[in-house]
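Asks: Not my notes, these are from Swiss-Prot:
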type   : residues : note
REPEAT : 68-102   : repeat 'PPR 1'
REPEAT : 103-137  : repeat 'PPR 2'
REPEAT : 138-168  : repeat 'PPR 3'
REPEAT : 169-203  : repeat 'PPR 4'
REPEAT : 204-230  : repeat 'PPR 5'
REPEAT : 231-261  : repeat 'PPR 6'
REPEAT : 262-292  : repeat 'PPR 7'
REPEAT : 293-327  : repeat 'PPR 8'
REPEAT : 330-364  : repeat 'PPR 9'
REPEAT : 365-395  : repeat 'PPR 10'
REPEAT : 431-465  : repeat 'PPR 12'
REPEAT : 466-496  : repeat 'PPR 13'
REGION : 501-576  : region 'Type E motif'
Amino acid sequence: MLDSKLRFFLQRCVVLEQAKQVHAQLVVNRYNHLEPILVHQTLHFTKEFSRNIVTYVKRILKGFNGHDSFSWGCLVRFLSQHRKFKETVDVYIDMHNSGIPPSSHAVTSVLRACGKMENMVDGKPIHAQALKNGLCGCVYVQTGLVGLYSRLGYIELAKKAFDDIAEKNTVSWNSLLHGYLESGELDEARRVFDKIPEKDAVSWNLIISSYAKKGDMGNACSLFSAMPLKSPASWNILIGGYVNCREMKLARTYFDAMPQKNGVSWITMISGYTKLGDVQSAEELFRLMSKKDKLVYDAMIACYTQNGKPKDALKLFAQMLERNSYIQPDEITLSSVVSANSQLGNTSFGTWVESYITEHGIKIDDLLSTSLIDLYMKGGDFAKAFKMFSNLNKKDTVSYSAMIMGCGINGMATEANSLFTAMIEKKIPPNVVTFTGLLSAYSHSGLVQEGYKCFNSMKDHNLEPSADHYGIMVDMLGRAGRLEEAYELIKSMPMQPNAGVWGALLLASGLHNNVEFGEIACSHCVKLETDPTGYLSHLAMIYSSVGRWDDARTVRDSIKEKKLCKTLGCSWVEGSYH
């Protein structure tokens, strides 16, 4: 009678405290044979991961007199389901070391964990244990082997495990399909896909996504059209493919046709417009959204920040805080907002962010730290920037580049060079931004030879100098009075020189009152810019500086005749070269 009552209560244990109360009755009345049911019920009804429950179950398992594979398997599966992959493997090893034979659930779960860990674990020993315990006839174990070997890149072993499955299900087929796709064998993956007897959404999405990532939107679109039931994820994959190919018109066509848009759909489109610099279209979509969540605000703020509209980014951030008390910015939001303030040179905002983080318990990650470093360096608060940089958990290309760029803007060549040397010693690969900062530092410090060495070393790091890098070199040579050398460098450029490059030569011509190169540079700027007022004004000043008053007057008259609005500033004066 008591046995039946305890079984009744065991079936209804849904929280830890209830489980403990029933467990106490089991121990007192020596009904230990019911403990496996307790373990199962406790883990089964726990929807969210709980460290207390795991500790409690482990204590029960350690106290078992008999070898209960079922209960150990429940714990292994629970940990795997909650993405505690390392602990899943550790518990499985404990079970094995205790001499307890694994259940099919335990093997399936640990195989999944092995493939999901950051440093994937070779599953061959587990495969051997499954064979020894006669579990390789289980379709779930066999499918788990296919999945693990696929992720490890052992595609032949995955294929063999797949062939051994007597009754293949859709999950088995998808595991093999995923394996070929992960190995980059798209043609073989397509053959597998075509053989799948009952394709599900995962099958379709895997193959469509692979074609989209490759940029083969013809095949991706054809498969999408053939897909019988399209999920929101399927639509997003196709839209994302067109976005990555910069085909925003086609992306917008499918977006507009999508029956049920979700947050990912809107964010994908806004991000696509962001990359193309089409802020107006991004704004239009943003306004169309009836209910905006934090991620959508993040996308739009990032759009403004990345496209040189920092004031709009800050205005939207303020609106987000005012209108949506339920939305709290996190490190991603704040990183974009800090970058916007960095463009405005407002270092005081960094102090506000640090206070906000402390007040709201937000974790300051390396992304946000790097944005703050960039803000402080550009604002001249070097002590704060260097302190924050030294406290980073992991220094990477982006954080080093932010520091070096800050040094470059402020002419700190020694510091920039030291950072670059440390970066190379730690085998952290530099990028084009790194060299922009380093070259700027050498340019501001007049270190021409070092600048040349740096410029020529870009190819050693598999980087091709861009027009911006050539522009900085022209600026550096121009500052040093080596105008002819700067002109020859421009003529040697593998790409078409832009107005920024010619503008650097024009400015240098003004510094040294050189009419010849000033005229050459200005003529190119006039051809390249729709409003060349600033360039013409500067040429007029060069004429005036050498006493050629008539020529200066002629240039100024031409500005008036063309009804150009005279503005003394122009892009190359406000850009990164100065």
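Cβ atoms are placed via backbone N, Cα and C, with glycine included.
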Asks: Given a Cβ distance threshold of under 8 angstroms, which distant residues of the chain, six or more beyond its ends, lie next to the repeat 'PPR 8' (293-327)?
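Replies: Sequence-distant neighbours of the repeat 'PPR 8' (293-327): 263, 266-267, 270-271, 273-274, 277, 279, 282-283, 286, 333, 336-337, 339-341, 343-344.
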Asks: Can you tell me how the residues of the repeat 'PPR 8' (293-327) break down into helix, strand and coil by DSSP?
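Replies: Summed over the repeat 'PPR 8' (293-327), the classes give 27 helix, 0 strand, 8 coil.
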Asks: With Cβ-Cβ distances below 8 Å as the criterion, list the same-chain residues six or more beyond the ends of the repeat 'PPR 12' (431-465) that contact it, or say none.
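Replies: Same-chain contacts beyond the ends: 397, 400-401, 404-413, 415-417, 420, 423, 472-473, 475-477, 479-480, 482, 494, 576-577.
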Asks: Quickly jot the same-chain residues contacting the repeat 'PPR 7' (262-292) by Cβ under 8 Å, restricted to those at least six beyond its ends, or write none.
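Replies: For the repeat 'PPR 7' (262-292), the nonlocal Cβ contacts are 232, 235-236, 239-240, 242-243, 246, 248, 251-252, 255, 299-300, 302-304, 306-307, 309, 324.
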Asks: Mean pLDDT, the repeat 'PPR 2' (103-137)?
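Replies: The average pLDDT of the model in the repeat 'PPR 2' (103-137) works out to 79.
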